[in-house]
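Chemist: Just passing along the structure, written as structure tokens.
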Amino acid sequence: MRRAVIAFTAFLGGLVFLLVGPAHADPADCQGLKGTLTFQGQPVNGARIAVSTEGGQPVETVTSNAQGAWDVQVEDPGRYRVTLDPASLPQNTEIRGGNNVRTPTVYEGNCSSVLFALQAKGAAGQQQGDEAGGSSSFWTQAAQLTFEGLNLGLIIALAALGLSLIYGTTGLTNFAHGELVTLGAILAYAFNVGFGLHLIPAAVCAVILAGILGYGQDRFFWGQLRRRGTGTVAMMIISIGVALFLRYMYLILFSPQTESYAQYTAQPGIEIGPISAAPKNLVAMGIELLVLVIVGIALLRTRTGKAARAVADNPALAASSGINVDGVIRIIWTVGAAIAALAGIMLGLSQNLKYTMGQDILLLIFAGVTLGGLGTAFGALVGSLVVGLFIQVSTLWVPPELKSVGALAVLIIVLLVRPQGILGRRERIG
Amino acid sequence: MHAETTGATAAIDRRAAAEAVFKDMARDPGVPKPDPILVVDDVVRRFGGLTAVDVKHVEVQRGSITALIGPNGAGKTTFFNQLTGFDTADSGTWTFNGKPMNGVPAHKVARRGMVRTFQLTKALSRLTVLENMRLGAQHQKGENFWRALIPGAWRRQEAEITERAEELLARFKLDAKRGDFAGSLSGGQRKLLEMARALMVQPELVMLDEPMAGVNPALTQSLLGHVKDLREQGMTVLFVEHDMDMVRDISDWVIVMAQGTVIAEGPPSTIMSDERVIDAYLGAHHDAPLSESELEAQLQDAEAALEAEIEEETQK
Amino acid sequence: MDWITIFSTTIKSAVGVETVLYALAAIGINIHFGYTGLLNFGQAAFMAVAGYGLAVTVTVMGLPFWVGIVIGLVAAAILALLMGIPTLHLRADYLAIVTIAVAEIIRLVFRSVAFKDIFGGSDGQRGFSGGFQALNPFPEGDYGFNLGPIPIFFPHWQLWVMVVGWLLIALCCFIVFLLMKSPWGRVLKAIREDEDAVRSLGKNVFSYKMQSLVLGGVIGCLGGFVYGLAYGSVQPDVFGTETTFFLYTMVILGGAARVFGPVIGAMLFWVLLVLLNGTLSEAVAAGVITFIDTSQAGALRYVFVGLGLILLLVFRPQGIFGDKREIAIDAR
């Protein structure tokens with residue numbers, strides 16, 4: 001009951017805070033304007049965008065590519081006019097707010113992002129007219145967003161599970177966990193696009209390889225640090241170093257641009273009741289759910305799983321009762337890295353691949369883990385689903401780009417009321 | 001400050017005085033004392049479904065050394081945490097010197113003259129021994145942000161504090177270590193430092209949570225001496241302890257806790273023969289004192305139970 | 001390869017505006033992390049509210065420059081209070097996560113379309129440094145000297161920012177020196193070691209942590225002012241989490257809980273970064289290094305930052321100035 005009240009209060013409080021969402025401006029070496037057009041999570045291909053100077057001198061007209069991205073490089077910094085031709089958009093979509101002209105400023109050596117939010121035709125009008133006429137479209141939208149929220153929540157949960165288990169067993173708050181997520185996506189891309197494997201075997205290879213790398217990371221790095229008696233705060237800051245190192249290595253080895261897999265990039269949605277979903281998302285969610293259930297059962301039923309929870313509970317006691325703590329931690333790193341990689345592949349499937357994709361989702365993973373209570377594996381699952389759902393469903397009331405802020409605000413409010421997280425325990429003093 | 005005013009009358013043999021007070025006292029839990037410094041009523045603390053502390057009524061006599069004993073998990077430390085404001089009680093009231101203390105935050109409890117130490121010693125490792133001591137002094141002008149910026153505002157007081165700290169360090173034989181980091185001290189020295197630091201607060205009631213735990217035997221006598229010394233200086237001592245030999249040696253009165261409640265009180269010489277206490281420690285009724293073989297069996301049972309517990313813990 | 005340019009930019013970076021603004025923010029982090037043990041990963045937010053406070057006051061509200069400074073300082077202090085209330089009774093690791101969350105919320109609000117009229121969206125605000133430059137006592141021109149063949153010159157407007165910035169650094173270091181020698185600083189250091197022990201000695205730990213947070217935040221926000229005034233603009237993405245991470249690198253490089261640690265750390269950080277960048281990009285341009293291109297060379301230096309941070313904490317956690325004895329005691 002108390003928890004329900006807290007969750008509800010947090011939800012309400014979060015709504016008050018709901019503000020703006022991500023869309024990363026990339027400080028890559030370019031000078032001009034760029035943007036990505038998406039509609040309901042899918043890229044919009046072939047939209048015509050005309051760029052002219054402030055005085056009206058045309059610069060260039062481009063069309064968005066298969067990923068919905070477009071890009072215009074300009075000679076001089078300054079203010080430009082960007083016009084999106086509404087006639088070139090897919091028939092069922094329109095620009096949110098109706099205004100199809102933006103006037104961004106280009107700074108020297110910088111690329112400015114230009115944002116056109118798209119929505120289903122007539123959606124805005126309907127939403128306003130709805131108040132009196134009935135709430136069917138509201139509920140349709142709510143169902144759709146709940147579905148998308150579950151999709152996101154499951155991806156976060158996959159990543160959060162590994163983070164939470166590693167925290168529970170080693171006390172490490174791993175800021176490089178986002179990079180494990182990116183790693184999965186990039187490895188799958190390498191097998192898929194680089195070696196020409198179909199995405200499904202490529203994903204399997206990526207997950208296995210990521211698991212091996214996770215094992216290696218603990219065997220040759222974190223395990224050694226623990227043996228040296230490195231403190232948890234020092235390890236946390238070391239993990240920041242690891243995150244920076246890996247992130248920019250990805251940038252060098254992978255690409256500063258966004259990329260996508262060779263298969264399943266743009267799938268038409270199918271209608272299931274009130275929900276429209278691409279089949280790939282349904283399959284992805286099925287796999288995510290299956291993996292989570294398997295890991296959950298493994299934690300509850302298998303010897304290793306029980307040992308893992310015992311180590312998380314009390315490492316000294318576990319060691320004294322004959323559990324090979326280092327061995328358990330190594331298995332957790334292997335599995336944690338593998339499922340984080342899976343999360344990355346799924347994320348790459350529903351969005352695009354980018355070297356910062358893990359970094360961008362890391363805070364949401366942390367939010368999920370912290371909401372549930374640091375170090376409690378099942379808390380992480382609950383917390384992640386709450387974060388995912390909250391982010392998507394909140395867009396019923398606020399623009400989609402405003403959504404992450406709400407989830408973070410909820411995190412803060414929950415901790416204000418219940419400092420140990422939803423399922424966490426209090427610490428003993430003295 | 002209270003320690004000093006009462007210090008003038010230190011010539012009285014306080015141990016004898018305390019013994020006189022407790023001489024004919026009843027052995028019931030919650031028995032009233034003639035001059036209680038701490039009075040506790042109906043303190044309850046629950047963790048989920050588990051009731052960790054449920055103390056109906058207990059009083060601590062001023063100027064005495066009172067021991068709080070009980071088997072593992074009896075709620076002694078949790079009870080300490082409630083009284084000193086480190087944890088919030090679900091319900092209950094308690095008064096210190098007649099003033100209500102429930103809901104008072106930990107730092108204010110200390111300021112009112114009720115200072116505690118911890119079971120796991122909390123030496124401030126990367127501060128020197130002398131800095132550890134200075135920290136204990138109250139009403140420091142230089143602890144205010146703005147006055148801290150003007151060294152002249154606090155320098156004289158700092159000198160006084162240092163002088164007092166040096167005296168205490170000499171008494172606790174830590175003066176040779178004054179410039180060392182506290183983290184470099186041995187376990188026993190840390191216990192000494194923690195106790196000396198608590199005295200810098202100039203408390204009326206000193207609450208020691210297992211002062212002898214993890215101290216090497218050579219130092220225990222010295223520690224015991226210091227605890228007795230606190231009474232001689234007019235302070236009241238309430239301490240948690242496992243080792244019955246020590247309890248017998250230094251305490252004037254013993255309070256026994258089991259499963260969160262106070263089950264018995266009495267003088268140290270007879271308390272361990274109290275049936276309720278034996279039950280609590282051994283978990284079964286015994287009409288006669290234990291024979292050698294029974295003790296052996298008891299020990300084996302206890303060990304088996306402990307192993308099962310660990311097993312269960314890991315199987316969870 | 002153009003070694004003259006490389007050395008010139010490298011030497012200038014030791015005292016340049018980047019170093020100044022990061023040193024100020026790092027002094028704040030040193031108070032939080034080095035002295036009090038607070039893991040504040042939201043320092044960039046303090047720089048952001050100061051920079052934006054100044055920018056919005058001058059450009060949107062049309063008020064004079066000094067009002068903007070006052071508003072920026074007040075905003076930083078308020079942010080510290082707001083950030084502190086929910087976080088300061090939390091464990092260190094929760095604190096780290098919540099402060100990042102707060103900083104991200106602030107960055108996202110500043111770059112939001114909804115508040116574009118006030119904060120300027122992802123492009124930020126510009127054109128508010130006129131009031132500051134009007135006070136510039138240096139006549140127009142370049143100032144400096146030739147170090148042998150290496151020219152070291154700064155334009156007058158940059159020199160003005162640098163002079164003010166270094167005076168601020170000196171003032172902040174002096175304040176930190178006074179405070180950390182005092183009983184007030186003793187309480188902070190004790191909280192870093194064990195806050196329950198400090199509580200049991202009658203100190204209001206929450207209040208001291210809050211004072212530390214406000215002081216470090218306000219000093220850190222000076223870095224935000226220097227950024228805004230030096231570049232004449234503020235953009236939201238400058239104040240991202242990576243900025244805070246770089247600040248931590250500097251503090252640890254110079255030595256945590258040392259008065260001059262963060263300043264030396266910031267100077268070394270930028271000297272190394274600029275030297276690395278200059279050498280790498282020149283080498284790529286001259287065809288000495290062929291396996292990467294210029295933009296990859298830019299990324300490579302951050303690879304080295306990450307690697308440097310790891311190696312530093314593993315092999316020399318006390319930094320340049322730190323005391324080996326202190327580290328040996330406590331494996332935090």
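Note: Cβ is positioned from N, Cα and C throughout, glycine not excepted.
Because the structure is a prediction, the values reported are computed rather than measured.
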Chemist: Out of C:92-108, C:245-261, which range is noted as transmembrane segment by TrEMBL?
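Modeler: From TrEMBL, the annotated transmembrane segment range turns out to be C:245-261.
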Chemist: Among the recorded stretches C:213-233, C:245-261, C:268-292, C:298-315, which has the greatest number of Cβ pairs closer than 8 Å to the transmembrane segment (C:157-179)?
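Modeler: Looking at each of C:213-233, C:245-261, C:268-292, C:298-315 in turn, the most contacts to the transmembrane segment (C:157-179) are made by C:213-233.
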Chemist: Is the number of Cβ-Cβ pairs under 8 Å between the transmembrane segment (C:298-315) and the transmembrane segment (C:213-233) three or more, considering only pairs separated by 6 or more positions?
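Modeler: Since fewer than 3 Cβ pairs under 8 Å link them, the transmembrane segment (C:298-315) and the transmembrane segment (C:213-233) do not come into contact.
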Chemist: Counting only residues 6 or more past its boundaries, what in the same chain has a CB within less than 8 Å of a CB in the transmembrane segment (C:268-292)?
Modeler: 1-2, 5-6, 9-10, 13-14, 16, 18-19, 22, 246, 249-250, 253-254, 298, 300-301, 304-305, 308, 320
Chemist: Establish whether the number of Cβ pairs under 8 Å between the transmembrane segment (C:245-261) and the transmembrane segment (C:6-31) reaches at least three, counting only pairs separated by 6 or more residues.
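Modeler: By the criterion, they touch.
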Chemist: When you scan the chain for residues with a C-beta under 8 Å from the transmembrane segment (C:6-31), skipping those not six or more beyond its ends, what do you find?
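Modeler: That would be 40, 43-44, 46-47, 147, 150-152, 154, 158, 161-162, 165-166, 168-169, 172-173, 176, 188, 212, 215-224, 226-227, 230-231, 243-244, 246-248, 250-251, 254, 256-258, 261-263, 265-267, 269-271, 273-275, 278-279, 282.
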